[in-house]
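These features come from Swiss-Prot:
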- 1-23: topological domain 'Cytoplasmic' (TOPO_DOM)
- 24-44: transmembrane segment (TRANSMEM)
- 45-70: topological domain 'Extracellular' (TOPO_DOM)
- 71-91: transmembrane segment (TRANSMEM)
- 92-152: topological domain 'Cytoplasmic' (TOPO_DOM)
- 153-173: transmembrane segment (TRANSMEM)
- 174-194: topological domain 'Extracellular' (TOPO_DOM)
- 195-215: transmembrane segment (TRANSMEM)
- 219-239: transmembrane segment (TRANSMEM)
- 240-267: topological domain 'Extracellular' (TOPO_DOM)
- 268-288: transmembrane segment (TRANSMEM)
- 289-299: topological domain 'Cytoplasmic' (TOPO_DOM)
- 300-320: transmembrane segment (TRANSMEM)
- 321-346: topological domain 'Extracellular' (TOPO_DOM)
- 347-367: transmembrane segment (TRANSMEM)
- 368-394: topological domain 'Cytoplasmic' (TOPO_DOM)
- 395-415: transmembrane segment (TRANSMEM)
- 416-425: topological domain 'Extracellular' (TOPO_DOM)
- 426-446: transmembrane segment (TRANSMEM)
- 447-451: topological domain 'Cytoplasmic' (TOPO_DOM)
- 452-472: transmembrane segment (TRANSMEM)
- 473-479: topological domain 'Extracellular' (TOPO_DOM)
- 480-500: transmembrane segment (TRANSMEM)
- 501-770: topological domain 'Cytoplasmic' (TOPO_DOM)
C-alpha cells in the first residue's frame, strides 16, 4: 500500500502538468481562432487612423514633426490605456455567465439589484459574497431599487450603448472596406481611380451582406489566417520603416509629446482627437465576443500578437511620415504611402480581405446584440436563423441584414470619403465605451462588492479620457458625426416604444387575469365539453388564468382533455441549464387535468424546434406526474391567493421511439404498458426506472396524457390588439395606437410559435385597452 501511495503521489504532479499543458493548448487554439473573429476590426484601424487625424485643416504636418509625434504618442497611450488596461485587464472580468457586451453588464446589474424593468423577470437576485464597504453599497443599491426613475435611466443608458453598437455595425464595414480600397489611389492613374473606388467598395459591401445567410462557419476557417497574415504584414512593414527611415521614432512614445502636440496645435489638435480615437475601434468586440472564447485566450491573443503588431505598424507609419514633408495631397498621410511600392498590390489584396473579416465580426456582433434585446423585450420580434449546428452564437437575421446593407451603402454613397465616415464611426465607438465605463463602475460596487472609491477612481480616470475624445467627436456633428446620432435616435425610439408597449400589455394581462377559483368552481369538466387532445394556452403570466382563456371558452365552450398553461420566459441570464428549464405545476385537483408549465430561456439560448419542444414538454409533465406531486409538488394549496407550487423538472421521462432510439440515456429503464400510435408521429412509450413504484392512479394519469398526445396537440395563441383607453394623453395614443401597432404588425411572433404547424394553431383575437 505504501508503494502504491508513493507511486500515486509521484504520478499526481505528472497528471497536473499534463492537464496544465492541455489547458494551455486549448487556450492557445482559442487565441488563434479569436484573431479571425474578434480582432479583425481593431487590426484594420491602421488603414485610416493617421489619414483621419490629418484630414481637414485641424492640424498640418510640419518639418518639426511635433504633429506626427504627438499623434503617435496619443495613439500609443490610447491603445494601451483603453484597449489593454481597461478592456483586457479589467472589463473582461465582468462576464455574465461567460457572456460579454453592454447588455450583459446591464443584466448582471439587474440580477444583483432588483432594478429590472423587464416583464416577468428572473425573480430573486443572485447571492453575492462579501460585504466590503457594505454601507455605501447598500445605499446605492437601495436607491436603484426604490426609485423607478433611476431604473428607467439605467435601461435607457444600456439601450443607448446598444443603439450605438448597431450604428457601428452600419459604419464599420463602410469605413474599413472604403479605406482598404483607397489603396488603388496610389496604384493607378487618378482619372481611372475616381471611377473605380466607389463601385468596387459598393460591390464588396453588397457581396459581404449577400453572403451572410451562409454563415461564418463556412468560411470562418480562413478568417484567422487572413488576420494573422495581415498583422504580420503591417508589423513587418512597420519594422522596415522604423529601421529605414527613422529609428528614433520610439521617443515619440513618451507622454511629453502629447503635451507638446496640444500646446502647439491647441484647438486643432483637440479636434483631431476624433480621428485618433479610431485606433481603439473594435476594442468593444473583445468584450462582446467573450461568450465565444475565454478570458485567457482573448488576453493571450491581444497581448502577444495584436498589441505589438499594432504598435509597430503605427510607429512605422510615423517613421515614414516624419521623413516626408512635401506631400501634394492629403491622401498621402495614410497607410499605403508607407508601403514599399513593390508590395502595394499584395498588401492591397490582404487589406481588403482583412477589412471584410473585420466587417463580418461587427455584423455578426450586431445580430447577437439585437437577439439579446429581442429576448428581453427591448426589440420587436425578428426571424433568427442559426447558421451553425455547433456554435449557437452564429446567427443570421434577414431583416436586420438588409437594413444594415441599405444603410451601409447609403452612408458610403453619401459621404464618398474617409473623413466623414471616420467622424461618424468615432462618435459611435466612443459613446459605447462611455456607456461601458459607467456600467462597469456600478458592477465594481454592486456585483464585485469593492470599495465605492475604487469604482469612482475607475469612472473618473477612464471617463475623463473618453469624455475628451467624445467632445472632440461631437464637434464634428456637421462633418459626419450626425449619422450615428440619427441612427441611434431611430433605434432608441423603436426599442423604447416596443418596451413600453410590452410592459403595458403585460400589466393588462396581470390586472385582468381570471381567478383560479372561477375555473375550479366550474367542476372537473370546467363547464365545457372536454375533447381528446392536449391544449396549450400561451400566456405571459406565471400565475393565474389569462383573460384570453375565459374569452375563448365563453364564445366556444369546448376544450381539450389535458389543458396546459404554457409560459415561455426569457430571463436576464445568458444560458439556462436544461435541468432548470422546465417548471411544472398543477392547477386544482388531479381529475381536472390542468397543468402550468413555465419554460425559461437565457438571452443567448437557442430555442428548439416544435418536435423537440413538444417532446420535452410532454416528458416533463409525465415526470411531474410520476414524482408524486400530490404531496409536495405543484398542488394548488391556497386558491384564494392563487399560490401555485412549481417543481423544477431536471429530466423528463424519456420516450421510447419506434426505431428503438431513446431520447435520453435510458438503458436501465423499463417501459410502461402504455403505447400510442399516431398516423403523423412515431409510436412512443414512457420509459420508467426499473425501481419506480407507480400506483394505478399515476399510471392512469400517464395513460391519459399519452392518449391525449396521440390525439394531437393544439396551440392557442392570443392575438392582442393594443388600444389606448379613452382619456389617455395625445402622446400615449400616438405611441400605442400607431407606433406600437405598426411595429407589432411588422414583427415576428414568439420564436417557438414560428415552428408550430399552422394546422395545430388557433389564434384568439382580443382588444387590450391600456
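Using the three backbone atoms N, Cα and C, a Cβ is placed for every residue, glycine included.
Counted over residue pairs separated by six or more positions, the transmembrane segment (71-91) shares fewer than 3 Cβ pairs under 8 angstroms with the transmembrane segment (395-415), which leaves the two as not touching.
When Cβ-Cβ distances under 8 Å to the transmembrane segment (219-239) are tallied for each of 24-44, 347-367, 452-472, 480-500, the top count falls to 24-44. Applying DSSP to the topological domain 'Extracellular' (473-479) sorts its residues as follows: 5 helix, 0 strand, 2 coil. Of the Cβ pairs linking the transmembrane segment (452-472) with the transmembrane segment (426-446) and spaced 6 or more residues apart, 3 or more are under 8 Å, so the two regions touch. Counting Cβ pairs closer than 8 Å to the transmembrane segment (195-215), the top stretch among 24-44, 268-288, 395-415, 426-446, 480-500 is 395-415. Per-stretch counts of Cβ pairs under 8 Å to the transmembrane segment (24-44) identify 347-367 as the leading one among 268-288, 347-367, 395-415, 426-446, 480-500. Listed by sequence, the residues of this chain that lie at least six past the ends of the transmembrane segment (347-367) yet keep a Cβ under 8 A from its Cβ atoms are 36-38, 40-44, 47, 165-166, 168-169, 172-173, 176-177, 179-181, 183-184, 187, 204, 208-209, 212, 216, 223, 226-227, 229-230, 233, 237, 282, 285, 288-289, 335-336, 339, 394-397, 400-401, 404. Looking at which of 395-415, 426-446, 480-500 has the most CB pairs under 8 Å to the transmembrane segment (268-288), the answer is the stretch 426-446.
Mean pLDDT for the topological domain 'Extracellular' (45-70) in the predicted structure: 82.
Counting residues 6+ beyond its ends, the topological domain 'Cytoplasmic' (289-299) has Cβ neighbours under 8 Å at 27-31, 33-34, 37-38, 88-89, 92-93, 95, 98-101, 361, 365, 391, 393, 574, 604 in the same chain. Non-local neighbours of the topological domain 'Extracellular' (45-70) in the same chain are 175-176, 179-180, 182, 234, 249, 251-252, 257-258, 260-262, 264-265, 268-269, 271-272, 274-276, 278-282, 310, 313-314, 317-318, 321-322, 325, 327, 330-331, 333-335, 351, 355, 418-419, 422-423, 426, 479; each lies 6+ residues outside the stretch with a CB under 8 Å from one of its CB atoms.
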